[in-house]
Amino acid sequence: MRLDVLTIFPEYLEPLRHALLGKAIEQGILSVGVHDLRRWATDVHKSVDDTPYGGGPGMVMKPGVWGPALDDVAAGTASGEDLTSSLPHVDKPRHDELAGVDKQAYGGGEDSDLPLLIVPTPAGKPFTQEDAQAWSNEEHIVFACGRYEGIDQRVVDDAAQRYRVREVSIGDYVLIGGEVAVLVIAEAIVRLIPGVLGNRRSHEEDSFSDGLLEGPSYTKPRSWRGLDVPEVLFSGNHAKVDRWRRDQALLRTQAVRPELLADVELSTADRKVLGLD
Ligand code: SAM
């Protein structure tokens with residue numbers, strides 16, 4: 001997968017070189033280009049924003065800068081160095097890689113030669129795990145990081161000629177700029193690319209994959225500060241452990257995000273645990 005990020009703060013994207021993403025870069029699964037938007041600014045001050053038509057506070061990012069930048073990135077003519085991995089990781093296999101489960105892609109990718117342009121904005125459609133799964137099959141994703149009051153809307157409208165454009169929000173709050181949203185979205189997508197986590201099961205059981213929040217997890221020691229790991233996890237009975245995990249996921253979802261249960265198919269046993277029957 002190829003990621004390109006357009007931003008006025010390239011250094012904000014440094015975390016994309018670390019941990020699993022850095023490892024994916026090193027393995028050749030991922031390449032990342034981070035481009036300073038000011039390279040496309042034409043005035044002496046390299047300005048990228050101007051006052052809003054119709055008045056109001058704040059500044060709006062200029063179409064005359066964003067348009068050529070997005071054209072160049074779509075055409076592959078935006079020069080610059082790709083991010084390098086922060087550390088050598090390749091020789092250190094993870095626990096779930098050692099499990100030796102086949103690397104398999106999720107379905108749901110869109111069928112088009114155009115790259116995907118993701119424009120983070122609080123006014124966008126909420127970003128979900130389902131989007132992350134579908135987009136983990138993409139070959140080329142471009143991110144446009146807004147600042148100030150955002151980007152002139154015509155940039156997004158015009159980009160639809162060269163991209164499949166998605167305006168997405170990472171939550172109902174307002175950040176200062178799109179860079180942090182890009183880190184969130186890129187991390188959620190890249191971890192689902194086959195080979196990045198190694199074992200597909202490790203994300204198939206994550207929160208949201210089956211519509212529920214994941215229940216609690218435990219590791220050694222068995223007893224810590226007077227708190228014991230639930231007995232069932234030592235039973236060796238996989239069916240019993242699976243049932244317990246399902247119950248915990250149901251109860252946590254009911255307590256924290258009850259609205260999610262409306263989209264989950266509940267068995268008789270599930271309904272009983274939730275006290276619905
Ligand atoms: N005036 C915009 C509005 O009210 O919808 C807010 C602009 S915000 C200060 C500046 C930039 O931060 C946005 O262009 C976007 O890139 C990013 N941003 C802020 N909140 C976000 C969110 N919840 N999800 C995704 N991106 C966000």
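Each residue, glycine too, has its Cβ placed from N, Cα and C.
The structure displayed is predicted, hence computed values, not measured ones.
Residues or ranges marked as S-adenosyl-L-methionine binding site by TrEMBL: Gly146, Ile170, Gly171, Asp172, Tyr173, Val174, Leu175. The feature domain 'tRNA methyltransferase TRMD/TRM10-type' is assigned by TrEMBL to 1-75, 115-262.
Where TrEMBL records a feature, it is marked here on the structure.
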residue : record                               : Cβ within 10 Å
Gly146  : S-adenosyl-L-methionine binding site : 25
Ile170  : S-adenosyl-L-methionine binding site : 20
Gly171  : S-adenosyl-L-methionine binding site : 11
Asp172  : S-adenosyl-L-methionine binding site : 7
Tyr173  : S-adenosyl-L-methionine binding site : 7
Val174  : S-adenosyl-L-methionine binding site : 9
Leu175  : S-adenosyl-L-methionine binding site : 17
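Predicted-model confidence for the domain 'tRNA methyltransferase TRMD/TRM10-type' (1-75) is 97, expressed as mean pLDDT.
Less than 6 Å separates the Cβ from ligand 1 in the case of Ile170, Gly171, Leu175, drawn from the binding-site residues Ile170, Gly171, Asp172, Leu175 in sequence order.
In the three-state DSSP scheme, Val174 (S-adenosyl-L-methionine binding site) is classed as coil. As a summary of secondary structure, the domain 'tRNA methyltransferase TRMD/TRM10-type' (1-75) carries 33 helix, 16 strand, 26 coil according to DSSP.
For the domain 'tRNA methyltransferase TRMD/TRM10-type' (115-262), DSSP puts the residue distribution at 58 helix, 27 strand, 63 coil.
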